[in-house]
Amino acid sequence: MAAQASEELEKLKLNGQNGHAQEQVSAADEAADNDDSEDDEKEEEGGAEGAATGAAKKKKKRKPKKKKKGGAKKQSSPPRVPISELFPNNQYPEGEIVEYKDENNYRTTNEEKRYLDRMNNDFLQEYRHGAEVHRQVRQYAQKNIKPGQTLTEIAEGIEDAVRALTGHQGLEEGDNIKGGMGFPCGLSINHCAAHYTPNAGNKMVLQQGDVMKVDFGAHINGRIVDSAFTMTFDPVYDNLLAAVKDATNTGIREAGIDVRMSDIGAAIQEAMESYEVEINGTTYPVKAIRNLNGHNIEQHIIHGGKSVPIVKGGDQTKMEEGEVFAIETFGSTGKGYVRDDMETSHYAKVSNAPSVSLRLSSAKNLLNVINKNFGTLPFCRRYLDRLGQDKYLLGLNNLVSAGIIQDYPPLCDIKGSYTAQYEHTIVLRPTVKEIISRGDDY
């Protein structure tokens, strides 16, 4: 999920041994069946002899057939099997492990740092759990999203899958705070770069020539995995996507303990702006969107207060040990600058919200619903609809005006331009950097 500069701040191991085990079970079953057939023949012969000599012998009892053992559970299509059932020992796949650069090399071998890393196991398993949810949901989405589908259909399909795989439907009070959607599924099209998800009644349909940013979060116990990718259906945009993917990977490579944010931004911009893209006979330089940033993530808080720029200059703040960051970059064929535009859908309660006396009963009631169901996690209007709330806009706007709720309008470059996004969540462990959301797809 994007942070705006101007605002306040492996794989499932389901094959391998299982396949071999299933072959052994099948062979055992076949052998058992053959034994049963031989027993039946002997029984018939014995029955004939018994007719002549009397019932001197007892009939052999038929051996019960061995039941086939069920293999390890597999993910369904669409994804609905909770990830915890696929990993019953609660040990989830690691992300990509990268050693620190240069002066931080000692961290990989330092005994004290290794001890601290082991102490963080629960924290890491919650993040890895959420990351595996994200990977499985997005890989299904990438295969099944097609032009002609409505944005509502796409968003709800992703969100339903995340809720199923985390095991949290979010319909009971407090359930979504334990796990589920880390923030609403963003589906920002073409010149719109971020923070767009359909509100109720939206009829927008994905078109063949669209460039769609898919940005969603999955969380376990408030450990939000924030990762995004861009989908296109025309190879003309390939260079735009390549530029942004390269820029994001550059940012990930440069990130580390004690690294200055400004240095990361400079490296990202250099990588991004080395590309150009030709669309309809016109060549466009790919520009980094200078007022969009990555950000650190805290428990139940998607924008933790630190920003990771994607252009040079500015913030001299350093990354610190134990922090979690969303490294995200945005490229554009337009001005490389976004403004608020279109109807707002994303909202979140401010973590240090002021204590304000609310006059509107609708605002008081709505705040109570938000506190119990989302806390400081971002939500959208569709989520309020899903909880049975209605006629809430007046109260919602009142909460925004009071500074209790922050609204996040869609962020757009100039019309006619195209924007792309890639994003990963990284954990700055004491010994190594873990790209928690890395997958085979990006």
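Using N, Cα and C of the backbone, Cβ positions are placed for all residues, glycine too.
Here Swiss-Prot flags 1-92 as region 'Disordered'.
For 15-25, the entry in Swiss-Prot reads compositional bias 'Polar residues'.
According to Swiss-Prot, the feature compositional bias 'Acidic residues' maps to 30-47.
Taken from Swiss-Prot, the feature compositional bias 'Basic residues' covers 56-72.
The annotation substrate binding site is assigned in Swiss-Prot to HIS195, HIS303 on the grounds of sequence analysis. When other Cβ atoms within 10 Å of the Cβ of HIS195 (substrate binding site) are tallied across all protein chains shown, the result is 29.
Long-range C-beta contacts of GLU423 (divalent metal cation 1 binding site), restricted to its own chain and to partners at least six residues apart, with a cutoff below 8 Å, comprise ASP215, ASP226, SER227, ALA228, PHE229, THR248, GLY294, ALA326, ILE327, GLU328, THR329. Residues or ranges marked as divalent metal cation 1 binding site in Swiss-Prot: ASP215, ASP226, GLU423.
If you look up Swiss-Prot, you'll see ASP226, HIS295, GLU328, GLU423 marked as divalent metal cation 2 binding site. Counted within 10 Å of its Cβ, the other Cβ atoms near HIS295 (divalent metal cation 2 binding site) come to 24, all protein chains included. In this structure, HIS295 (divalent metal cation 2 binding site) is part of a beta strand by DSSP.
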Listed in sequence order, residues not in ASP226, HIS295, GLU328, GLU423 with Cβ within 8 Å of the centre of the divalent metal cation 2 site Cβ atoms
MET1, ALA2, ALA3, ASP215, SER227, ALA228, GLY294, ILE297, PHE325, ALA326, ILE327, HIS424, THR425
Among all protein chains shown, how many Cβ atoms are found within 10 Å of the Cβ of GLU328 (divalent metal cation 2 binding site), not counting that one?
30
For HIS195 (substrate binding site), which DSSP three-state class applies?
coil
Determine, for the divalent metal cation 1 site, the additional residues of the same chain whose CB lies within 8 Å of the mean position of the CB atoms of ASP215, ASP226, GLU423; present them in sequence order.
MET1, ALA2, GLY186, PHE216, GLY217, SER227, ALA228, ALA326, GLU328, GLN421, HIS424, THR425
Rounded to the nearest Å - Cα separation of HIS303 (substrate binding site) and HIS295 (divalent metal cation 2 binding site):
6
